[in-house]
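Among the features that Swiss-Prot reports, signal peptide is placed at 1-21. Positions annotated as coiled coil by Swiss-Prot, on the basis of sequence analysis: 30-110. Per Swiss-Prot, the feature N-linked glycosylation site maps to N49, N244, N258, N320. Under the heading domain 'Fibrinogen C-terminal', Swiss-Prot lists 113-334. The disulfide bond annotation in Swiss-Prot covers C122-C153, C276-C289.
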Amino acid sequence: MLRETWLCVILVAFVSHPVWLQKPHKRKTQLKAAGCCEEMRELKAQVANLSSLLGELSRKQESDWVSVVMQVMELESSSKHMESRLSTAESKYSEMNNQIDIMQLQAAQTVTQTSADAIYDCSSLYQKNYRISGVYKLPPDEFLGSPELEVFCDMETSGGGWTIIQRRKSGLVSFYQDWRQYKQGFGSIRGDFWLGNEHIHRLTRQPSRLRVELEDWEGNARYAEYSYFALGNELNSYRLFLGNYSGNVGKDALLYHNNTVFSTKDKDNDNCLDKCAQLRKGGYWYNCCTDSNLNGVYYRLGEHRKHMDGISWYGWHGANYSLKRVEMKIRPEAFKP
């Protein structure tokens, strides 16, 4: 009886759980694993290809960069070589022009000594008994290459014979002009004017003196004189040359500008990173920048103490005081009243 009972239990369990009817899963799992491995191999191959491409691009970029750097270095070397050659050529050219100036000056002095009837400036007119201050016309001089020139002569101050090259008294003429205007001159000969750098250069080929007359807004007058005054030619940017100072205006405010070249708003020749002509609103022999600014802005009474770009002479009233009146005049060193 017991045996028959165990057989019945085993039979029921076998029928309830027909393991023999279930399908195996092992093959499906193996297929999935094989597919994943294939995808991984493809991804690794793509990553390897990308890494190789990036490496090649990086090497090419580095090679191109080295090539560019080498080209830049070659260009810089070539540029420095050209600058050196240009500087040497300019130096030789400047030396030649200085020699020409000296020869022309010597020739001019010879002509002055041998041509008693020649009229070169206001001192020549004075020697011919023209003793009234005012406007005169100097005849053209073919030897010196100078055209007819209208000038204002001071026949009274300190013995007379002065040719006025600059005047500031009314403020009606702007002195914030370009290179061309300062070269040829501008303004009204009876009012405010600049005679012109080219004319001043020609007039000072013979040894000359400079007199600067100043007047402030309180009615005080001062002057400064220089035993020698000359301008170089345009190729030398109208370089300023001054001799010894004398006068009653205090500190010599032109000394700082001696041996400097002329600058204008469109031609920056100063010795400064700043563009002094634009800062000081004039054309002048700016150094870095100035101890005087006789071609600055004309400020009237009430405004004359507020600006640093006015008509100034630092040795008298300082940098912020704009003067009421200025005259610059020249005559030959050899002049005798």
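Glycine is treated like the rest: Cβ placed from N, Cα and C.
Structure with Swiss-Prot features highlighted.
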{"residue": "N49", "record": "N-linked glycosylation site", "Cβ neighbours (10 Å)": "10"}
{"residue": "C122", "record": "disulfide bond", "Cβ neighbours (10 Å)": "28"}
{"residue": "C153", "record": "disulfide bond", "Cβ neighbours (10 Å)": "26"}
{"residue": "N244", "record": "N-linked glycosylation site", "Cβ neighbours (10 Å)": "9"}
{"residue": "N258", "record": "N-linked glycosylation site", "Cβ neighbours (10 Å)": "16"}
{"residue": "C276", "record": "disulfide bond", "Cβ neighbours (10 Å)": "23"}
{"residue": "C289", "record": "disulfide bond", "Cβ neighbours (10 Å)": "21"}
{"residue": "N320", "record": "N-linked glycosylation site", "Cβ neighbours (10 Å)": "15"}
Taking each of N49, N244, N258, C276, C289, N320 in turn, which of these recorded positions have a Cα lying within 10 angstroms of the Cα of C122 (disulfide bond)?
-> none
Cα separation, C276 (disulfide bond) to N49 (N-linked glycosylation site) (Å, whole number) = 63
N244 (N-linked glycosylation site) and N258 (N-linked glycosylation site), Cα-Cα, nearest whole angstrom = 11
What remains of the recorded positions C153, N244, N320 once a 10 Å Cα-Cα cut-off to C289 (disulfide bond) is applied is none
Alpha-carbon distance [C153 (disulfide bond); N244 (N-linked glycosylation site)] in Å | 24
Any idea what DSSP makes of N320 (N-linked glycosylation site), helix, strand or coil?
-> coil
For N49 (N-linked glycosylation site), the three-state DSSP class is helix
Between N320 (N-linked glycosylation site) and C276 (disulfide bond), what is the CA-CA distance rounded to a whole number of Å?
-> 16
In DSSP terms, helix, strand or coil for N258 (N-linked glycosylation site)?
-> coil
Cα separation, C153 (disulfide bond) to C276 (disulfide bond) (Å, whole number) = 32
For N244 (N-linked glycosylation site), the three-state class that DSSP assigns | coil
